[in-house]
Amino acid sequence: MNSVAVLLVALALALAVAPSASAAPGYVNWDFMVFRLMWPGSVSGGNAVPSGLNGFSIHGLWPTNNDTSGPSQCTHEAFDESQISSLLPEMNVEWASIWPDSKGNEGFWAHEWTKHGTCAAELSVLGSQYKFFNGVLQLKAQLKVLDALQSAGIYPSNSKTYTLDQIKSALTDAQMPPLVFCMPANKADGAETSSPPILQAIELCVDTSLNVYTCNDAMQKAAASRGHCWSDAIGLPEIVH
């Protein structure tokens, strides 16, 4: 093999193993993503949410390693709302900042892009601010989480409760095996109380082809330890508009 051929082979090998130029060193080998969806009837603290929001609200899509750690801020690309202007009507409903102490949607989206989106963008399908936010919106639209719960007889209610197994089974049967997170019905309690907890959020593990799959043991153990579903009776409060 002549010297030119050797150099070309060496260059090809170097390009094959080189990290993405858009990724910060050490943050290019995450394994999967966590798609977190919040239940508005709980997270909003009883406050009104956008009128078109009738199901789960997007929290984020977070690149994660198999040991549950996650990269963050993989590049220094600042959030630019003008890049997603055509998505804003949908984002203001489906991806709104619904916490009682919310400081507004733009700051929420900027945080999600800076911390997580810059890492998710290593995937070409999520490789720009538009692709990232649009991809997450489309993922939520395809999954239809609330429909899966309702098909199993689980409806928002201010009086009924459901078991953790009911919630998990309903989503697992719909090919969306979840991690489930709860919170006190009265957030002022700030701790586990005698009242049944309410559903705060679910998390779904998503592979690099954007397919949902069963989270690994480390993720399941972490969710069990911090999920705060201390009672087998879990509320799903009605959404307030």
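Cβ coordinates are placed from backbone N, Cα and C, and glycine is handled just like the others.
Marked as signal peptide by TrEMBL: 1-23. Positions annotated as active site by TrEMBL: HIS59, GLU112, HIS116.
The structure, with features from TrEMBL marked on it.
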residue : record      : Cβ within 10 Å
HIS59   : active site : 21
GLU112  : active site : 22
HIS116  : active site : 24
Pairwise Cα distance for HIS59 (active site)/GLU112 (active site) [Å, integer]: 8
